[in-house]
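Read through the structure below, which is laid out as structure tokens, and then see the notes.
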Amino acid sequence: MARIIALDGAQGEGGGQILRSALSLSMITGQPFEMSGIRAGRAKPGLLRQHLTAVRAATEICGAQVNGDELGSQQLRFTPGPIRGGEYRFAIGSAGSCMLVLQTVLPALWFADGSSRVEVHGGTHNQAAPSADFICRVWEPLLARMGINQRTTLIKHGFYPAGGGAAATVVEPAASLRGLTLISRGETRRITAEALLASVPHHVGEREVATLEAHFPRAEKNVVALEGGCGPGNALSLMIQSEQLTELFAAFGVKGTSAEAVANQVAHEARRYLASPAAVGEHLADQLILPLALAGEGAFTVARASAHLLTNIAVVERFLPVTFNLEEAREMVQVMVSKKDSGS
């Protein structure tokens, strides 16, 4: 029997990413794991609905044996079986992030025995999670360059606290994964400011994109009023398309926060990205660690190595025979991954 990998859920930034990465890697490598202190670094520790859905989705996709899969649990034991392609549907039962559930199981389905379709119901545009727009416009185009055939479709927008959204991904098994190198982003080709409004007055979106335009005069503006009772909710994004990749920065309207404050939050993050010579933003960097590790090669630059990034690297290195090297240079960090020397 494969050895059980013991993981401390409180390590590093102590969030749900440790669990999601462990589930993905356990399914792919066949190595079971035990985790204690799940989300110990959070105000509400233990498994929330979103994390529990990710655990149960992983369990169904690989026929795993699992202990500790209940709300609030800070302990989990997961013993995977073979990954099975097919049609899957999961409901979070809250406004928890559909995208984080998808990002847990999709890497495993790159190695499945056939094509798959995964549909998840919950939130699609959440604080502290990649939005559906980020997945479709930023992450998946980079995965395609690595040889991964995956396409996500937004079925219905879902915002906190109501949820009610849905997204589905169709994925084919990958013959092999290629490395990816993102050292420089190249020239900026296009900037787009977009406000999504669901049961929110139109002037809110107009003020948001106007504020972004003041920061980025080249930006194209788009205000979208969503139909179908998916609100209330408001998401603002700034998409920056460069020669080598697309980045997207987002913030969400909150009661008591002005449209201008929401826009300034996005502008601050985007300006910080553009002021750095690094190719990749801080959040995208987190999303690249697992696919690059599975490819066994690749490199990117990021303005700084966040606690989230370092924690994710530490988990990946427990499951895969790869090594990450980080080198600081010229106001940025270069992150490189390579396969471990078989003699080491």
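Using N, Cα and C of the backbone, Cβ positions are placed for all residues, glycine too.
A quick note: this is a predicted structure, and the numbers were derived from the prediction, not measured.
Per Swiss-Prot, the features are:
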type: BINDING; residues: Gln103, His283, Leu284, Ala285, Asp286, Gln287; note: ATP binding site
type: ACT_SITE; residues: His308; note: active site, tele-AMP-histidine intermediate
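Shown on the structure are the features that Swiss-Prot records.
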residue	record	Cβ contacts under 8 Å, 6 or more apart
Gln103	ATP binding site	Arg20, Ser24, Pro130, Ile135, Gln287
His283	ATP binding site	Pro130, Phe134
Leu284	ATP binding site	Val138, Trp139, Glu247
Ala285	ATP binding site	Phe300, Val302, Ser306, Leu309, Val335
Asp286	ATP binding site	Gln17, Ser306, His308, Leu309, Asn312
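The ATP site, placed at the center of the C-beta atoms of Gln103, His283, Leu284, Ala285, Asp286, Gln287, has further neighbours from the same chain whose C-beta lies within 8 angstroms: Pro130, Trp139, Glu282, Leu288, Ile289. In the three-state DSSP scheme, Ala285 (ATP binding site) is classed as helix. Residue density at Gln287 (ATP binding site): 19 other Cβ atoms are found within 10 A of its Cβ, drawing on all protein chains shown. Pairwise Cα distances among Gln103, His283, Leu284, Ala285, Asp286, Gln287, which the record gives as the binders of ATP, peak at 14 Å.
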